[in-house]
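Feature list (source: Swiss-Prot):
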{"type": "BINDING", "residues": "ASP497, ASP503", "note": "Mg(2+) binding site"}
{"type": "DOMAIN", "residues": "564-623", "note": "domain 'KH'"}
{"type": "DOMAIN", "residues": "633-701", "note": "domain 'S1 motif'"}
Amino acid sequence: MQEFDKSISFDGRDIRLKLGLLAPQAGGSVLIQSGDTAVLVTATRATGREGIDFLPLTVDYEERLYAAGRIPGGFLRREGRPPEKAILISRLIDRPLRPLFPQWLRDDIQIIATTLSMDEEVPPDVLAVTGASIAVIAARIPFFGPMAAVRVGLIGDDFIINPTYREIEIGDLDLVVAGSPDGVVMVEAGANQLPEQDIIEAIDFGYEAVRDLIQAQRDVMEALDIPLVIGEPPAVNEVLQSFISDRASESIKKVLMQYNLDKNARDEQLDEIKETAITNAIAELPEEDPVKVAATEEPKAVSNLYKDLTKKLMRSQIITDGVRVDGRKLDEVRPISSRVCLLPRRVHGSALFARGLTQVLSLATLGTPGDAQDLADDLHPEDEKRYLHHYNFPPFSVGETKPLRSPGRREIGHGALAERAITPILPPQEEFPYVIRVVSEVLSSNGSTSMGSVCGSTLALMDAGVPITKPVSGAAMGLIKEGDEVRILTDIQGIEDFLGDMDFKVAGTDSGITALQMDMKITGLSMEIVAKAIEQALPARLHILDKMMETLSTPRKNLSPYAPRLLTMKIDPEQIGLVIGPGGKTIKGITEQTGSKIDIADDGTVTIAALEAEKAEKAKQIIYNMTRKLNEGEVYMGRVTRIIQIGAFVEVLPGKEGMIHISQLAEGRVGKVEDEVAVGDEVIVKVREIDAKGRLNLTRLGIHPDEAAAARKAVAPV
């Protein structure tokens, strides 16, 4: 491809596209740049494997620390496994791309986005999403594009397209909208309890900007004479399709209308129909029968056509009758139950949330500031994270046996969504300095486990005594669209997710939305349908919230006795070195002496943690005494540390030592210092003078008995 360089003026910033310059052996590549952030996106296609019945699409987002002029840490000094942020961006690219590939496509497709340069203003993620569309089109891969993405922020009453990191931080909305010529294909958002109407307006605002980027891609395609390839789907074997439909349709309808069946019973009956009415019937046919010939030539065609028939009949039942496979109305939520304090209080907070056959156990743990997740080797400006949400999806939750692996992209993505939903209602760090981790264990899955983990986490946090500002609930919305007929489903279960067109997760409080995530299986939705789905989610969320509040309506007043007790104090940042000591000797001594854990921030904030409040208070007193300013005339109890000919040195506070001249040891003449004090003696002294160099001159003379008594009882203020 010839080199092509084009700048697009986009909402006050330039987006620069360079094609044909880098990665010439990739199927298609583009260097997309805004500000000093530049991302190389490549798309490569290879012949698919024989016999597969899915699209083998792989999307990877890669970060290199050289992009920010940094060298990785660790012994190897090179990047290791992708950080969580990179995995989430990989998903962000994948989700709007996947529904735009033809359903019949079976070629291997690999898309790699690599951030080559990054500034402190422009996030690379939405650039990578738009760049992926350009790379796919340049590679002549069948694709219902173009597709583009923008970020929408909200500062005050004004929406902003592609806000900077700083604008995202201070704003009330972080929304990514991706769209195609057919409409919105993906939404991802975190919000500060925004009303539904504000979210709808933001998505509409973002999609208008997406349309401009789609047109810009069309201009590039025209300039380079790159056609948009769609391709032709393979012909359906009508003989086999008719045989399956004739044999199984009525039986499938009967199963779909048995509303009392649970997921497993329904699946068993559908499998039995396939086995008896289709597989066994084909096996009994003569070898030369066209149906048997077709089934032999395409072994997976029977399963795929049976699945398509089941999908068609379920969707028809919803469109025509307005009834779902479990008998619910379109806007009805499944039965809900929840419990808290399910486990002993060694687990700081626990909650079990169930919605239908979906069951999630959420467990909250309170930690110290030192437990925060360090993001130092991440390209993004966030240094650490004080709220962590981890989501686990074991195979037994769907009745399967599989090897256990480290968390996959789905688990990481669902955990991040729940984390985003909860973060806006957490107390400020100044009021509640704990680091909080919630783990959601999916014990049974039949749809909407991510929103189940949001609900369970809210209850677990309240059970742990975290003073959240408001409880959060969530619901997953679905869609069945056949031509102009549209049905939006509330609280979708597994089969509706699998056979439907949309999975739209909405989480929030009774005041507004805190998180959104919409994924499509069709090529786009109108804003009218998007708005209706968001509005229909509101009564469902509030209903779920009411059910949760019946279990636990407010956070517990007391923490678990096994949660650490935290105390905070401020010291002069210049005194941090004094508290830490050479090689950490001083702070290590304090922790060993008091049985506490101490964290010191760069601004001088000291956080002390211990299982017993008394131990934390003791450590606080020691640090207070070490760092407090001494004044002339103050009286202290100190310890004699050494003796010289002209006097004795006394440690009045940890790390603060002064000298009592021999003339100040006692009334009258003192012959030898040893006649009055010995090393290790505890003595009451007064600060007589602090000289220009900060040295303390002490005395034992002129101390009132009340002052001496107070010094013996002195403690650090709380």
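The backbone N, Cα and C atoms fix where each Cβ goes, and this holds for glycine too.
The shown structure was predicted, so the numbers you read here are calculated from the model rather than taken from an experiment.
In the three-state DSSP classification, ASP503 (Mg(2+) binding site) falls within a strand. Every protein chain shown contributes to the tally, and the Cβ of ASP503 (Mg(2+) binding site) ends up with 21 other Cβ atoms within 10 Å. The predicted model assigns the domain 'KH' (564-623) a mean pLDDT of 91.
According to DSSP, ASP497 (Mg(2+) binding site) is assigned to a helical segment.
Under DSSP, the residues of the domain 'KH' (564-623) split into helix, strand and coil as follows: 32 helix, 16 strand, 12 coil.
Taken through DSSP, the domain 'S1 motif' (633-701) splits into 6 helix, 36 strand, 27 coil.
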